[in-house]
């Protein structure tokens, strides 16, 4: 560690990894010793506290915070029956560790109305007075709550009470500590054919769990267009068959994912989440009684949100879309000038396409920041509403930014050879940028590994005297220097753009699906590595589906139907065929064929129910049990009166 207490906290990922590995080996040895002898006789006090105690959240105070501020925060938190340990290591290092007894956590779970599986097989809101109803065979009370739920339960009850101290700048950070032994379950394993989705959800929450479930489902689904792309290239398949295949594949893929998502969200107790759920952390407003529950909650007039959306956000978005389209068209002007000056065989013709592909990545990064800023100003109440409006802004821009030039080449210039070249070049650079983002930070950390042992220092004796639990302090110190993981927003965006490259012009790019498949096989493991090693452990977020990203994928699916049908009718032989059979209205044939495929898409959508039968039965069973319980409650007072 740093010898100077005033130096900034280390951001060295490898030091963090070395520390975690040492702690993991030590804890595993302690567990083996406990299992062999029944007791542990050779553990010092710090190790014993770390083994048997559990710290769920760490609060780090700023240098501005005085001792009385730290003690005031501690007293406020203790009022909620939360156990606290305050450690003042130095002027710049002040830690408050939060933990809670099982009884307190179960009471908080009751207040939060978490959905849990009952012994009857249905999902019901957890009831502290009927704990036995939620104890499945072989389950203990400690197993009722998952790893991702306990820190959130404490945070939700504590954060509003200490918000004034956060706003005044006394609290620097608040985050849950990683569980070192649990992280071993996510290590890369060549023998594992599927991701441990349930364990990912149990540790990181349903929002991150759904992302990894989706990326795994999508990657497996890419096998079919990858194989079809090889056949399309080798056998020169008819483009009408290609259009039909991608309509069927995209529709079945998205519908089956809805069923998969419904099954997961039902088991995780989030399927019945609604827009009336608790406000998101960044929501601002005035405290007023809730019209439904009567509790004091934040309220913000919707008219101000709509004014912000329609008078500021959407005009700005429209301006960005026009600018992105202008830059795409300007590229063709530059290409024409290069062609006129240097000829068709000059290597300089590659430069405009490469520059545009790089500008697309830069514009995407900048516009993502702008979309987030505008959505913050709109002040949406729930996380789902916030994400939906942010994704809507983003997709409108990204479709123009990434695909406008391809549409222009395909349907204005009508140059399929240039379209294929432009598409593959942009896809290649897009994948390279994604790979650079995915592995850049881990690679830099690996390059610094050989210097880590020289930078690692022992804790000074004067510091050690004020530390009650050395391993806990070391872990909090190292993890406080890691980056914060905000959301799955950027990950979904990359997958969504990749999906567009795969399906929008599949008629001329049969190998796009293969490239996407190979990229995703590695990207999913890199994402898991970053979550476990490069970021702080995030607070678990509840989600019932992938939100607005589902609509984004469905929009790209419909656009792919139109674009591939358009490419089909640009073929000379197709034009001649319909001009021969329908000489008066040849363009009507495009409309007829396109509507037939839309009808096929709609038919598949109706045939495949978005929720599996067992989920529908489970929801109906839960409603039935709830109604029966209400009847029983009404019946018992009447019986007592009669008696």
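Each Cβ is built from the backbone N, Cα and C atoms, and glycine gets one as well.
Range annotated as transmembrane segment by TrEMBL, chosen from 264-286, 425-447, 448-470, 471-493: 425-447. TrEMBL lists transmembrane segment for one of the ranges 522-545, 546-569, 570-593, namely 546-569. Counted over residue pairs separated by six or more positions, the transmembrane segment (237-257) shares at least 3 Cβ pairs under 8 angstroms with the transmembrane segment (546-569), which defines the two as touching. The transmembrane segment (347-367) shares the most Cβ pairs under 8 Å with 304-327, out of the stretches 208-231, 304-327, 546-569. Counting Cβ pairs closer than 8 Å to the transmembrane segment (208-231), the top stretch among 304-327, 394-413, 546-569 is 546-569. With a threshold of 8 Å between CB atoms, the same-chain residues lying at least 6 positions outside the transmembrane segment (546-569) that come near it are 210-211, 214, 239-240, 242-243, 246-247, 250-251, 254, 257-258, 261, 384, 387-392, 395, 399, 407, 410-411, 416, 492, 496, 499-500, 503-508, 575, 578, 589-590, 593-594, 597-598, 601.
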